[in-house]
Amino acid sequence: MKAHKTVFNQHPLSLNKLFFVLLLIFFLPPASPAASVNGLYKDSQQLLSFKAALPPTPTLLQNWLSSTGPCSFTGVSCKNSRVSSIDLSNTFLSVDFSLVTSYLLPLSNLESLVLKNANLSGSLTSAAKSQCGVTLDSIDLAENTISGPISDISSFGVCSNLKSLNLSKNFLDPPGKEMLKAATFSLQVLDLSYNNISGFNLFPWVSSMGFVELEFFSLKGNKLAGSIPELDFKNLSYLDLSANNFSTVFPSFKDCSNLQHLDLSSNKFYGDIGSSLSSCGKLSFLNLTNNQFVGLVPKLPSESLQYLYLRGNDFQGVYPNQLADLCKTVVELDLSYNNFSGMVPESLGECSSLELVDISYNNFSGKLPVDTLSKLSNIKTMVLSFNKFVGGLPDSFSNLLKLETLDMSSNNLTGVIPSGICKDPMNNLKVLYLQNNLFKGPIPDSLSNCSQLVSLDLSFNYLTGSIPSSLGSLSKLKDLILWLNQLSGEIPQELMYLQALENLILDFNDLTGPIPASLSNCTKLNWISLSNNQLSGEIPASLGRLSNLAILKLGNNSISGNIPAELGNCQSLIWLDLNTNFLNGSIPPPLFKQSGNIAVALLTGKRYVYIKNDGSKECHGAGNLLEFGGIRQEQLDRISTRHPCNFTRVYRGITQPTFNHNGSMIFLDLSYNKLEGSIPKELGAMYYLSILNLGHNDLSGMIPQQLGGLKNVAILDLSYNRFNGTIPNSLTSLTLLGEIDLSNNNLSGMIPESAPFDTFPDYRFANNSLCGYPLPIPCSSGPKSDANQHQKSHRRQASLAGSVAMGLLFSLFCIFGLIIVAIETKKRRRKKEAALEAYMDGHSHSATANSAWKFTSAREALSINLAAFEKPLRKLTFADLLEATNGFHNDSLVGSGGFGDVYKAQLKDGSVVAIKKLIHVSGQGDREFTAEMETIGKIKHRNLVPLLGYCKVGEERLLVYEYMKYGSLEDVLHDRKKIGIKLNWPARRKIAIGAARGLAFLHHNCIPHIIHRDMKSSNVLLDENLEARVSDFGMARLMSAMDTHLSVSTLAGTPGYVPPEYYQSFRCSTKGDVYSYGVVLLELLTGKQPTDSADFGDNNLVGWVKLHAKGKITDVFDRELLKEDASIEIELLQHLKVACACLDDRHWKRPTMIQVMAMFKEIQAGSGMDSTSTIGADDVNFSGVEGGIEMGINGSIKEGNELSKHL
């Protein structure tokens, strides 16, 4: 007690405080509970007010009642008798965010607010007008529809202690200009992933907001581009920039000592990483997947790195020795899809913590490093596929008890599959892929010891013997894939016990005996593929119980009997191939009652290839669908030893159908059987059917009109049957039909004259009693056959012959007359327009045209000043183009633009073309489209991309162009790693001149002139000689004619290329094209894009060059050009002056493209330019052209000697 008195005497103020506390405790005990109750009551009222403001939904927040305390409300947690946490994730609130800021943010003791996926909308700005509890430090608003600029984040300044903010998966835009003030709070966690943030250098904004204390920062899944400045976030431990459009070198860090997680995957980062990460000592996760990094793998922090993903780059050399330093810590290592070579070092075996190693799709070679790999005691996933390893597969892998996935596919492994691969009963092997190797011998019975096995693929080997019945004990097996081996014997009945089985693929073996009816017990089966064997017996009707069955392939066997009507109960069936068997009886109508369902697992995690047959006599059936995972496409030649077909086309991948109509079948091949009777009319309900082959049977009767309902059919083969009657007119509605074969039947009457029948060859109708085009047999006008009618027929034929003869004679006179007129007209035109003659280049540079292609009869929209149109524009069917692009698959996509997507395709004649699939248009512009196509198709010049053909069906419009090897100038110049070539100055100069020449041709040689309207670097394509070809000329005019939904601004250019006068009036002119060309020329000189916020901020390339014109102008040139050859600086300046003349704000002061060519010739005369970009005298002879800018020998522009005046 004395001690306490001493303390009190020393601190009298403390004594007073203690006395006050004692008063509160002993004399006012009810006060504190009352305060808590009052506070809780206030919280309850605010929460109930929030509920009352929500849309009236009975099930929403049902237990938020005034009769219960808020601590028992759904999603509410309390601490110290106050609401401290609210989590309404996945609650369909359907309100504006302002309600949240009005009722929830002000809760005074709230620490955490989670409204993830709560259907919130509106902007963040309402937060600035509300109050915020001082304890609130975490807000999660992910997966809503909140919009507005991300600069609205500053509205949370009222929440002074806010540390974590999650705004991922919303619709936020780049920061607005009006709210770039610094925030009054310091975030540690900021998640902006999956928003609409694009085209903005975000890091300076983050710094300006004062978020320098960030520890977690995610921008994943946006559209950010440009360069990245040096990052200065000393506390940053997690940085995710994946799935953006960054195209720059590896980012540098001022201080990365705390960085633990770095994800740059799925961008376009390029170059050598160097030593950028050497000081990141705590880095444990590094993902550089799917970029364009090159060179050697750099030295990485070895003390802490656990997860390293380098997949999909261009790293080269042998296995990186520096990775040996990581062995103590690395858990997952992915080096796949690179260019590593050599042998795998023994040091990999020292990585005792390694759980995943993927070195697939490289060029590793040598003997399979068995001893090294067998040391990886913790390994779970081992993927070594698509390399060049040799040797055998050892038993020692059975010691890897944690191994779940072993993928050795597509190597050169030999020997037998070891019997002891799963000898330890504790094994955990789930996936075994050994396909596309050179294994021989039997499938070991001991594989049944792999009790956890889910997927087994041994296809594309040389395995012999029978399928072990012991495999029936693998109760978890989903995939049994053994195709293209030499397996014999019967399909084991024991497979009926594989209750999880989804895919049974045994094609191209020597299997015999019947199809086990007991397979119907495997109710999850999606795919049964038994084709190209020696199976016999009947198709089990019990297969109709497989409601998930999507693909049934039994072709090229010796199966007999009827087609079971029960197969119609397979309501998910999309592919039925029974060709080349001994099936008899009729086609059962119940076969066509599919519901339109499809098994999801069919299209999950699988790779498919469809091989279209060539149609030769030895080749039966329409084609073959194969599971192609883990197999090199070039290995398809091995199929030819078992299959007598030459493949006309190979399709990879498959698009999941979306069924809105009745039926789901897309492929039906019953050809080469002994079927009889008529075609069931129910077949016409198969709306999605793409391939129908009933050829080489004994079917009879008339072709039903209902087949006109097959709106998606592309191949129709009814040949070699006994069909009679006429060809139904309903078949003319099959607009996607690309191939038809009605030959060798008893059909009669006229072949329909309309499309698509006017595009098929005559042999497709041969050996019938048909008449009309394309057969050489004309049709008579009526059925009468009496003598009088016969005589009239002779007279009509004689008259017709006379008319034809007179017509031919008259045509010859007309042709001679037209030639004389053309010659005289041409002479006068040469005298009047001598300056323009050189641009004629009057020869077509399209070598892929075919003389058999048909003329169209559309009226021309323009009078084109050309000597001749040597070959008619090609008209192609939609089916042709659908086939050539594999159904417009993403693998064929090479570019996208304002008018549509562009696909690379190979047509049936072998020509490689580019197909532009235009945006959908209304039918109102059909006539205009045809007219414009005929016009554009006649424009031929060596610096223009020629239009080869077109197709129109429904709302689809497709244009076929000559394919340009190197793509667009934009890609080559600004995305060099994608194309793989570097443009030096001579190449750029050649491109500049070629593009100018092509544009000049459009402006001065087409009457009336063609205004491009969208001249830009992405519309300058480069052929195999890097010759510039201007593309998309006439597109804006075409789209305008077709009444599309594009805005006027879209039709008048692309931002960065649009001349200033277009913003006052959308009246386009050739001088507008000249301005746009000037921007392209600046791109060639500077190497920069016309709009890049990282380089120019709110400015653009033209404005940026203007600023430099007041200082050291040479700073604008691409440094790489001057590094290569400093002597070209004068020439660059001369070309810059040309660009400046084109970019004059006063459109009447700009030169014409003819004058631009004259300037280039003037520069050429004084610089000794190489022959690749030589300008001929005719290119610049413009007598009669209105006056304009003159250019002196030294390149000075006499309209204004100071460069800045032209800017």
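Placed from the backbone N, Cα and C atoms, the Cβ positions cover glycine too.
Cβ neighbour count for Asp1014 (active site, proton acceptor) (all protein chains, 10 Å cutoff from its Cβ): 26. Annotation source Swiss-Prot lists active site, proton acceptor at Asp1014, citing sequence analysis.
Here Swiss-Prot flags Val894, Gly895, Ser896, Gly897, Gly898, Phe899, Gly900, Asp901, Val902, Lys916 as ATP binding site. Listed in sequence order, the residues of the same chain lying 6 or more apart from Val894 (ATP binding site) and placing their CB within less than 8 Å of its CB are Val902, Tyr903, Lys904, Ala914, Gly967.
According to Swiss-Prot, the domain 'Protein kinase' annotation covers 888-1163, on the basis of sequence analysis. Over the domain 'Protein kinase' (888-1163) the predicted model carries a mean pLDDT of 81.
The N-linked glycosylation site feature in Swiss-Prot is assigned to Asn196 (among others). DSSP assigns Asn196 (N-linked glycosylation site) to coil in the three-state reduction, placing it in neither a helix nor a strand. Within the same chain, residues at least 6 positions away in sequence whose Cβ sits under 8 Å from that of Asn196 (N-linked glycosylation site) are Phe171, Leu172, Asp173, Asn222, Lys223.
Long-range neighbours of Asn245 (N-linked glycosylation site) (same chain, six or more residues apart, CB within less than 8 Å of its CB): Ser198, Lys223, Leu224, Ala225, Asn267, Lys268. Annotation source Swiss-Prot lists N-linked glycosylation site at Asn245 (among others).
Annotated N-linked glycosylation site per Swiss-Prot: Asn363 (among others), in sequence order, evidence recorded as sequence analysis. Non-local contacts of Asn363 (N-linked glycosylation site) by the CB criterion (under 8 A, 6+ apart in sequence, same chain) comprise Asn339, Phe340, Ser341, Asn387, Lys388.
What Swiss-Prot records for Asn412 (among others) is N-linked glycosylation site. In the structure as shown, the Cβ atom of Asn412 (N-linked glycosylation site) sits within 10 Å of 14 other Cβ atoms.
The N-linked glycosylation site feature in Swiss-Prot is assigned to Asn449 (among others). Within 10 Å of the C-beta of Asn449 (N-linked glycosylation site) there are 21 other C-beta atoms, taking all protein chains into account.
The local packing around Asn521 (N-linked glycosylation site), expressed as other Cβ atoms within 10 Å of its Cβ over all shown chains, amounts to 17. If you look up Swiss-Prot, you'll see Asn521 (among others) marked as N-linked glycosylation site.
For Asn556 (N-linked glycosylation site), the count of additional Cβ atoms within 10 Å of its Cβ stands at 26 [all protein chains shown]. Annotation source Swiss-Prot lists N-linked glycosylation site at Asn556 (among others), citing sequence analysis.
For Asn646 (among others), the entry in Swiss-Prot reads N-linked glycosylation site.
Under the heading N-linked glycosylation site, Swiss-Prot lists Asn662 (among others).
According to Swiss-Prot, the N-linked glycosylation site annotation covers Asn724 (among others), on the basis of sequence analysis. Annotation for Asn724 (N-linked glycosylation site): spatial neighbours Ser700, Gly701, Met702, Asn745, Asn746, Leu747, Ser748, criterion Cβ-Cβ under 8 Å with sequence separation of six or more.
Annotated N-linked glycosylation site per Swiss-Prot: Asn746 (among others), in sequence order, evidence recorded as sequence analysis.
Around Asn767 (N-linked glycosylation site), the same-chain residues at least 6 positions away in sequence with a Cβ under 8 Å from its Cβ are Ser743, Asn744, Asn745. Here Swiss-Prot flags Asn767 (among others) as N-linked glycosylation site.
When Cβ-Cβ distances below 8 Å are used as the criterion, the repeat 'LRR 1' (109-131) is approached by residues 39, 43, 79-80, 82-98, 100-102, 137-148, 152-159, 166 of the same chain, each at least six residues removed from its ends. Among the features that Swiss-Prot reports, repeat 'LRR 1' is placed at 109-131.
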Please work out the number of neighbouring Cβ atoms within 10 Å of the Cβ of Val902 (ATP binding site), leaving out its own Cβ.
24
Roughly how many Å separate the Cα of Ser896 (ATP binding site) from that of Asp1014 (active site, proton acceptor), to the nearest whole number?
14
Can you tell me whether DSSP puts Asn449 (N-linked glycosylation site) in helix, strand or coil?
helix
Work out the three-state DSSP category of Gly900 (ATP binding site).
strand
Whole-number Å value for how far Asp1014 (active site, proton acceptor) lies from Asn556 (N-linked glycosylation site) (Cα to Cα):
55
I want to verify one value. Collapsing DSSP to three states, which class is Asn746 (N-linked glycosylation site)?
strand
Summarise the repeat 'LRR 17' (500-523) as counts of helix, strand and coil residues per DSSP.
5 helix, 7 strand, 12 coil
Could you measure between Asp1014 (active site, proton acceptor) and Gly900 (ATP binding site) for me? Cα positions, answer in whole angstrom.
14
Mind tallying the repeat 'LRR 1' (109-131) by DSSP state, helix then strand then coil?
5 helix, 6 strand, 12 coil
